[in-house]
C-alpha cells in the first residue's frame, strides 16, 4: 500500500486512495478472523463454519432451485469448464470442506465437497475429492515443511515472470507451430487481455489501478465490459506495485500456511488460483480462508493445552503414589 501511495502521488500529486480501498479486501477478512478466533469459546468454533456452510447451501438452493436435477448434474464438463451450477463460491466451499476434513466431520465434509464439485472451478473440482482421500494425513497437527513453504514462496514470486514468458510472442508462436495450440484459446482469452494491458501499462498508479483502467479502456474502445479484467492476479499485483511490493505480499500470504498441513494446502491452492485467475477482490473467499486457518490454529492450540494438562495430572498422580 505504501508503494501504491508513492506511485499515486507521483502520478497525480495527490492520493486517490485506490490502494487503500483494495487493501480492504484483505484487511477486513483478517480482522473478522482475529475477532472470531479470540472471542469464541471452543464449543462455538465449529458453529461459525456451520453458519457459513448453511449460507452457501441456502444460496445454492435459491440460485439453482429450477436446475437441480440429474440431467444437469451429468451435464457438468470439467474439460470445457462448464456447469449449470457454476459459481465462484466453489473456492469458498473448498475451504469449508478442508475445515471439516481437519475436524473429522465426515458428513459435513462430503456435503461441502459435493457442493464444491457442482459449482465447478477446475482446480477445486479436482482438489475436493483429494481432500477426502487424504483426510488422515491432513488431520495431522504437524506444522508445514519449511522447505516446502520456501519453495512455494519462490514459485509465487517468480509467477509473474513465468506468465509473461508464456504470453510472449516467441513462446506463443512456438506452441502454435510445435503443438498446434492456440494460447489465447487455451487461456480462455487471458492472452488477449494481457496484450491490451501492455498497451496501457504506463498509466497504472498502484495497487488496484490496473483493472480499473483496463475496464474503462475496453468499454471506451469496444463498448463492452466482457472479459475486461486481467485474470492473473499475481501478474497484476506485480505490474501495479513492482517486485518489492509483490514479494512482500506473496511472502506474507505463504507465511499463513506455516501452522499445519491443511493450512499449507489451502495456501498452495490460493497461490495457484492467484496465478491463473482472479481472487483478490473475491472478499467472501478471504473471509472463509482467514477464518478457517485461524480456527485450525486455535484447535491445535487447544489440543496442546489439553494434552499438557492431562500430562500434568498424570505426573501429579504418579508423584502422589
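Backbone N, Cα and C define each Cβ position, glycine as well.
Curation plays no part in TrEMBL annotations; they are all automatic predictions.
Annotated by TrEMBL as transmembrane segment, the relevant range among 217-233, 285-301 is 285-301. Ranges compared are 68-87, 148-167, and TrEMBL records transmembrane segment for 148-167.
The stretches the transmembrane segment (107-128) and the transmembrane segment (262-279) are in mutual contact, each linked to the other by at least three Cβ pairs under 8 Å (pairs 6 or more apart in sequence).
With Cβ pairs under 8 Å as the measure, the transmembrane segment (237-255) is packed most heavily against 148-167, out of 22-40, 148-167, 262-279, 285-301. In summary, the transmembrane segment (148-167) lies against the transmembrane segment (262-279): three or more C-beta pairs, each 6 or more positions apart in sequence, are under 8 Å.
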